[in-house]
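J.: Below are the features listed in Swiss-Prot for this protein:
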| type | residues | note |
| --- | --- | --- |
| ACT_SITE | D315 | active site, proton acceptor |
| BINDING | K22, S23, R27, S167, Q169, D315, K342 | 3-phosphoshikimate binding site |
| BINDING | K22, G93, R122, Q169, R346, R387 | phosphoenolpyruvate binding site |
Amino acid sequence: MDAFRLAPCGPLRGRLRVPGDKSVTHRGLMLLALAEGEGRLFYPLKAGDTLSTARVLQALGAEVREEGPHFLVRGRGLRFKEPEDVLDCGNAGTLMRLLLGLLAGQEGLFAVLTGDASLRRRPMGRVVAPLRAMGARVDGREEGERAPLAVRGAPLRGLRYTLPVPSAQVKSALLLAGLFAEGVTEVEEPTPTRDHTERLFRHFGLPLEVEGRRVRTWRTGPFPAKDLVVPGDFSSAAFFLVAALVTPGSEVVVEGVGLNPTRTGLLTVLKAMGADLEWRVLEGEAGEPVGWVRARHSLLKGVAVDPGLIPLMVDEVPVLAAAAAWAEGETYIPGLSELRVKESDRVRAIAENLRALGVEVEEGPDWLRIRGGGVRPGRVRPFHDHRIAMAFAVVGLPVGVEVEEPHWAEISYPGFFQDLLRLCAAS
């Protein structure tokens, strides 16, 4: 489909459940593939990125089978088989970076990792360099900075490493490698990042110590598979919450959504902007808090965002920009250097699309300044990025918008546009 046209939408009304959390699905599949025996991943995300993870793990000898909405995984007991072909990670940066950690200590195993054009442009040196310091043998384009990447499993030694910039993916890759290393592997973060890997280590009984911003692990022995329930993805829920906030008369409740505090920085910022939001944690699944969030239309005001919150909402910056476009006054969002190297250059993509909708925006090397007050109808480009496609469907919803190449939303949210239209129709 060339473009998806959303007519101006009246109030959004209703309740919904969003697909399973992408981060938890990736990590859950990987750990089940490492485990001994059989385990189920209930209500995972089944979309472009996570299906790439399933295919890669199958190529490494794990049995991954779909059972209705679930995955059944029979693990390899810490030892993967050497793949017969190149491992294609598609568009999934999380998969490629975590896989480097997973394979680095598989002694004697050889694998080549590649991905689509977008993934082959993304920086991998931030993972490769500390893995090499552990003894990993990894090579690739630009001295290992870009895929394709070749990995030859080797004996690893523990490492004490301080992340130069906050990155849950680098932290997770090193923790996974640490399961195969001699001695302790310790990662220190400059600021907290999402902690799904740590929670899943506890779920599976893997070695883990957390002390402030330091996380430690060490070599593990075989461990049994355990079933895992995946919560709804807060990053997917965020689009509907902001859609309700900016569309007059709206009230939307997202149920069964993950409310991990290392993921919900957006709620803090939206509340500071004057958003009418309520949420409650009802239960926990595999150490992950789960609950509901209600959003009602609100008259938002611009704010200066605390840069310390950005690692807790790094995937929600595009939809925060959508809220800022409708807010009264100026919103300043700093600390965005990581967004330059996501699926797209998200800082540039946000700025260009906001301008296309008549919003005044300034773009710096690692910041955005958005002068809100509303948008005009227009046509927006996803830049091959799922979160840009969905965020700009939301920002244009009250006035009407055309989204080019809407299929990019399928990377993380199959059925996104159908769910959006259903809530519009419910009013």
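Note: Cβ is positioned from N, Cα and C throughout, glycine not excepted.
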J.: By Cβ count within 10 Å, point out the most packed of the binding-site residues listed: S23, S167, Q169.
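T.: Answer returned by the neighbour count: S23.
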J.: Can you name the binding-site residues among K22, R27, S167, Q169, K342 whose CA is within 10 A of the CA of R122 (phosphoenolpyruvate binding site)?
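T.: Near R122 (phosphoenolpyruvate binding site) by Cα: K342.
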J.: For the binding-site residues K22, R122, R346, work out the Cβ neighbour count at 10 Å and name the residue with the minimum.
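T.: Relative to the other binding-site residues in K22, R122, R346, R122 has the fewest Cβ atoms within 10 Å.
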J.: Give me the count of other Cβ atoms within 10 A of the Cβ belonging to R27 (3-phosphoshikimate binding site).
T.: 24
J.: So how far apart do the 3-phosphoshikimate binders K22, S23, R27, S167, Q169, D315, K342 get, largest Cα to Cα in Å?
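T.: So the maximum pairwise Cα distance among the 3-phosphoshikimate binders is 19 Å.
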J.: Would you mind reading off the Cα separation of the residue listed as 'active site, proton acceptor' from R387 (phosphoenolpyruvate binding site), to the nearest angstrom?
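T.: Between the alpha carbons of the residue listed as 'active site, proton acceptor' and R387 (phosphoenolpyruvate binding site) there are 8 Å.
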J.: Using the alpha carbons only, what distance in Å do you get between K22 (3-phosphoshikimate binding site) and G93 (phosphoenolpyruvate binding site) once rounded?
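T.: Checking the Cα atoms of K22 (3-phosphoshikimate binding site) and G93 (phosphoenolpyruvate binding site) gives a distance of 12 Å.
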J.: Would you kindly give the Cα-Cα distance separating G93 (phosphoenolpyruvate binding site) and K342 (3-phosphoshikimate binding site), rounded to the nearest Å?
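T.: The separation of the Cα atoms works out to 8 Å.
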J.: Can you tell me how far the Cα of R387 (phosphoenolpyruvate binding site) sits from the Cα of R27 (3-phosphoshikimate binding site), in Å?
T.: 20
J.: Distance check, please: Cα of R27 (3-phosphoshikimate binding site) against Cα of G93 (phosphoenolpyruvate binding site), rounded to an integer number of angstrom.
T.: 13
J.: Among all chains shown, work out which of the binding-site residues K342, R387 has the most CB atoms within 10 A of its CB.
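T.: The most densely surrounded of these binding-site residues is R387.
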